[in-house]
Amino acid sequence: MTRVVLAAAYRTPIGVFGGAFKDVPAYDLGATLIEHIIKETGLNPSEIDEVIIGNVLQAGQGQNPARIAAMKGGLPETVPAFTVNKVCGSGLKSIQLAYQSIVTGENDIVLAGGMENMSQSPMLVNNSRFGFKMGHQSMVDSMVYDGLTDVFNQYHMGITAENLVEQYGISREEQDTFAVNSQHKAVRAQQNGEFDSEIVPVSIPQRKGEPILVTKDEGVRENVSVEKLSRLRPAFKKDGTVTAGNASGINDGAAMMLVMSEDKAKELNIEPLAVLDGFGSHGVDPSIMGIAPVGAVEKALKRSKKELSDIDVFELNEAFAAQLLAVDRELKLPPEKVNVKGGAIALGHPIGASGARVLVTLLHQLNDEVETGLTSLCIGGGQAIAAVVSKYK
């Protein structure tokens with residue numbers, strides 16, 4: 001079977017809600033990365049067979065945001081593109097689709113990833129197409145409803161985390177401790193420049209003066225403690241334990257990678273970073289969607305012909321501290337190998353981009369001693385996706 005390799009992998013900094021990227025469309029964030037990858041690899045843009053990009057909150061951006069990003073990123077009009085929506089798994093699903101297209105021989109070179117600007121998601125006025133006869137009308141927050149609400153139960157993703165808290169007996173202190181550790185690891189990594197190789201700075205033009213250059217993730221917080229987090233009120237139910245402090249944020253960002261057949265990489269003298277070994281997807285009861293990575297991880301390992309003990313580093317999306325703690329109850333992961341640079345609680349969770357973001361961060365950790373990695377994300381609606389990669393040899 002054709003070996004599929006990852007030849008370049010980058011991400012933007014992750015902006016906080018209403019932060020540096022509030023006026024930057026998702027497709028511009030994606031275009032920045034496409035342009036950078038072309039420049040870094042020296043690849044002829046016309047040699048790219050397809051562009052596949054995850055994006056959840058598409059309303060108001062225009063037709064097919066992936067196509068917009070591709071064209072604005074400097075690709076010729078002959079290169080096709082399409083947009084993927086698998087909620088939080090969109091970015092990783094896009095990479096899986098690229099992988100599948102190469103294995104089947106349909107493509108040789110694909111740009112794949114994810115992008116999201118949650119700050120720009122519009123408010124919707126449903127049923128207003130033909131006007132209102134009388135009475136009060138309300139707006140729907142597309143970010144909350146299309147991105148963060150379980151449509152089957154009509155409640156916020158945070159309630160699915162609370163459901164896992166009850167099922168697995170997870171304490172508030174456990175969650176807050178997990179969140180603090182995520183922040184501390186991210187602070188250390190940021191201060192030591194450990195994200196520098198994966199981040200492409202984004203220049204934001206200003207009406208007056210020089211452009212602003214965004215170089216670092218905005219959500220990383222110093223001086224966070226369990227004591228401080230313990231003062232926060234529950235965010236989703238009166239007697240709950242999930243708070244804004246032990247959950248991922250609402251964020252803006254993008255991540256992208258160059259997916260190729262090994263033969264094409266050799267032909268073009270492009271040195272790959274890693275080999276894609278296999279993927280797994282799984283579904284569960286939507287009310288406990290956060291536990292779905294257990295099944296996805298098991299399937300990805302089986303398809304990659306690996307055991308959990310073979311994995312040197314894990315990058316697992318931290319939708320909620322409770323969610324990842326529940327997954328750990330089942331998989332019993334070695335803590336020293338999990339999210340060693342911090343996770344989404346600290347870095348942020350731009351939903352359509354996160355699937356690619358966790359893989360980008362993982363790839364930049366591979367070396368002669370850290371050769372095999374696994375990444376996974378839970379997905380609203382009761383799903384999950386996982387992938388296993390190995391350092392290219």
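Cβ coordinates are placed from backbone N, Cα and C, and glycine is handled just like the others.
Under the heading active site, acyl-thioester intermediate, Swiss-Prot lists CYS88, citing similarity to another entry as support. Annotation comment: Swiss-Prot describes HIS349, CYS378 as active site, proton acceptor, evidence class sequence analysis.
Cα-Cα distance from HIS349 (active site, proton acceptor) to CYS88 (active site, acyl-thioester intermediate): 9 Å (rounded to the nearest whole number). Rounded to a whole number, the C-alpha distance linking CYS378 (active site, proton acceptor) with CYS88 (active site, acyl-thioester intermediate) is 7 angstrom. Mapped onto three states, the DSSP output places HIS349 (active site, proton acceptor) in coil. For CYS378 (active site, proton acceptor), other Cβ atoms within 10 Å of its Cβ number 35. With a 10 A radius on its CB, CYS88 (active site, acyl-thioester intermediate) counts 34 other CB atoms from all the protein chains.
In three-state terms derived from DSSP, the residue listed as 'active site, acyl-thioester intermediate' belongs to an extended strand segment.
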